[in-house]
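Listed in TrEMBL:
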TRANSMEM  6-24  transmembrane segment
TRANSMEM  56-89  transmembrane segment
TRANSMEM  156-176  transmembrane segment
TRANSMEM  235-251  transmembrane segment
TRANSMEM  263-282  transmembrane segment
TRANSMEM  314-338  transmembrane segment
TRANSMEM  350-373  transmembrane segment
Amino acid sequence: MGTKGLVLYLLTGFSAAILSLLFINKTTMDHNSTLFNTPHLTTVEVWPELEFNWRLVLATVIGFVGSACGTVGGVGGGGIFVPMLTLIVGFDTKSAAAISKCMIMGASAASVWYNVRVQHPTKEVPIIDYELAFLFQPMLMLGITVGVALSVVFPYWLITVLIIILFIGTSSRSFYKGIEMWKEETILKKELTRKQGTVNSRGELLIDAEYEPLVPREEKSTLEILCLNLRWKRLLVLTTVWFLFTLIQVIKNDLVPCTTLYWVLFCLQFPIAVLVFGYEAMKLWKENRKRMMTGNTECICEASIQWSTLNITFCALCGVLGGTVGGLLGSGGGFILGPLLLEIGVIPQVASATATFVMMFSSSLSVVEFYLLKRFPIPYGVIGIETTIGMINNHEFMGFLDFCSSQ
């Protein structure tokens, strides 16, 4: 199942779940039942005491492994964080989604800092494809705002159902993709062995062929690589888009919900995202058309696909869907973006670096939104600082205690 199959599966599954909710609500209203309108069924918030125990140790280990695997693959790690936070630590699904976004933001920021100090494996270009980042970032952030808004409306049990649907789809795709790659590699290995080589006792393929020595690449310092990977003008534009989205959330938080100004600010996000996406999409479409007319087969960016209207529209759909599911269920959006970049011809190193770069913006936006919604508990360090400030304001005693009298 490729990215198109996953998108179709998610759209079908989520639509069926939401339609089921509407049918259930209609049925309960017809029978004058308040089952699904009862506060303890729809607004349960579970924040367990974070004390040192086996659950916290196990969650830390799983979080470490999930972050490592997620950042390497460019998928974020939300598929591991959310179940870990709900099943092991004991958070409710909405709080788990919010905390998962915090974890993804930290992991993606660390991954970006590492990637900007790494050379492109084959070219003298940045390892982050800024063309693709421009294309996906605005739609992913637009989807994030929609997903966070839906997380306020949807009941806990529906979010749990959607998480199950998401994880069944992503795990099934990964499983079948692994089997498919194993079969292809096995066939290729046998074919190469039959034609021109043998396999030794350790299973290594010995090919009887002569190769010309590779031309060594010029060694660059870390500072030179950093300057090559950073494109300040594009970073400024992407940061400006992120700032506009964040500013809208902050202003909107101080307004009365569902007022005219509230909806004006909410709808203002759509033209901002469409404008940035449309500019980059038109640029890719024109350049692709120009190269096709001149017979130039060189790729415009890292992706090797033809930038037709259909492909650009599908990329927009994937961006919005990935952001919406990420904001609603706590995943990073990379479960769609990472595999999609690979399918359109981006090499794995660039796909991972670009996906984590885009997720750094989208996850930080969702963290701001979840914080404004008071969706996750503040870490103990911040609580300690808040307590200390309160003691200072109340002129409480903060000096040393007497050793003998304090026993």
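A Cβ is built for glycine as well, from the same backbone N, Cα and C atoms used for every other residue.
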Sort out the residues at least 6 away from either end of the transmembrane segment (6-24), same chain, that have Cβ-Cβ distances under 8 Å to it, and list them.
36, 154-155, 158, 161-162, 165-166, 169-170, 173, 317-318, 321, 325, 336, 339
Please work out which recorded stretch in 156-176, 235-251, 263-282, 314-338 has the most C-beta pairs separated by under 8 angstroms from the transmembrane segment (56-89)?
314-338
Hey, which of 156-176, 235-251, 263-282 has the most Cβ-Cβ pairs under 8 Å against the transmembrane segment (314-338)?
156-176
